[in-house]
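K.L.:
My structure is below; once you've seen it, I'll send some questions.
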Amino acid sequence: MPNASSWSASSPLLLLWEDSSGTRIFLSLLYAVLAISGTLSNVMVIYLVFSFKKLQTTSNAFIVNGCAADLSVCALWMPQEAVLGLLPPNSSSLRSAEYRLLRGGILGLGLTVSLASHLLVAFNRYVLITKLPSVYQALYQRRHTGCMIGLSWALALLLVPLLPGLWIPGSAQQSALRQTDGTSSYTALLLALAMLGQTALLLHCYLGIVRRVRGSAKRVSVLNFHLLHQLPFPAAPPPPRRAQRRLSSVSVLLLCCVFLLGTQPLVWVSLLGFFLRPAPPALQAASWLLLCSLSALNPLLYTWRSEEFRRAARSVLPRAEGSATAPRPAVAAPPCPQ
């Protein structure tokens, strides 16, 4: 019978040895739901952008890049975790170090590119709203946009081989290694600080957009770009009324809150483990689960306020039979002359 350390080292779901089978089944089902919903939503966004020319904008190119990264997490990593969580603790699949490294590489690649895409989208919208149109056009040429997307993947591919165990959540072997190897501990600290810096830049971009939209609606109205329809808040040519400006602020605030909820728990758990003492395993598990669930929510965060995406989705999804076959009201014929 395996001991607690062996189960912690091989657990893909960050479970404790004393956790019941019901808890493991619940987490497996949760991973399965996230995998199905995240795969469908990411595939839908990618399909809509490639199918409709109006959606082929620079901002949506970064969104598609993030969806592709999130798809690797939802379609490749999460299903494996859902299945492995139902296996017995002494399964050979759980004990294979090479297989754990493969899963950690897939997870690290997807999350790194996804987080980079968040920042690229935020900075793109910030430049569009707060800078001159000539500056935006010069910065976001097609070649420059492709280079930005390529750099996000190159950075992820560079980090994943250098940090093979960093993206393996719940590894007791890696935890022991960090306690004895100062280099790994400082690397984890630097990555946590990098995520904090990325969060600060993202908040600066979106709060700057809110200040500019609320303070000068005319500044937004003169920018005749299709990208304005892809913002997470309405930016129509007419100056927004007070209620519309309030709705814009709520939309941006919701996007930022969901991003913070998904990323910051893991950052602060890592900082707590470095400066004070390791957090409880259950807290580590919850922080990793929140970060991974962000991959399933990202497509909705960036498209739910876009009328162009909703219109494109309605044209693709099958309509309800009741509305399609509803009989038209009969029109009375005019009386015949006597």
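Yeah, the Cβs are placed from backbone N, Cα and C, and that goes for glycine too.
In case it helps, TrEMBL gives these features for our protein:
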DOMAIN    41-302  domain 'G-protein coupled receptors family 1 profile'
TRANSMEM  25-50  transmembrane segment
TRANSMEM  62-80  transmembrane segment
TRANSMEM  100-123  transmembrane segment
TRANSMEM  144-168  transmembrane segment
TRANSMEM  188-209  transmembrane segment
TRANSMEM  250-276  transmembrane segment
TRANSMEM  282-304  transmembrane segment
K.L.:
Given a Cβ distance threshold of under 8 angstroms, which distant residues of the chain, six or more beyond its ends, lie next to the transmembrane segment (25-50)?
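P.N.:
That would be 13, 15, 56, 60-61, 63-64, 67-68, 70-71, 73-75, 78-79, 81-83, 85-86, 289, 292-293, 295-300, 302-303, 309, 312-313, 316.
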K.L.:
Tell me, what is the mean pLDDT of the domain 'G-protein coupled receptors family 1 profile' (41-302)?
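P.N.:
Across the residues of the domain 'G-protein coupled receptors family 1 profile' (41-302) the model's pLDDT averages 77 on the 0 to 100 scale.
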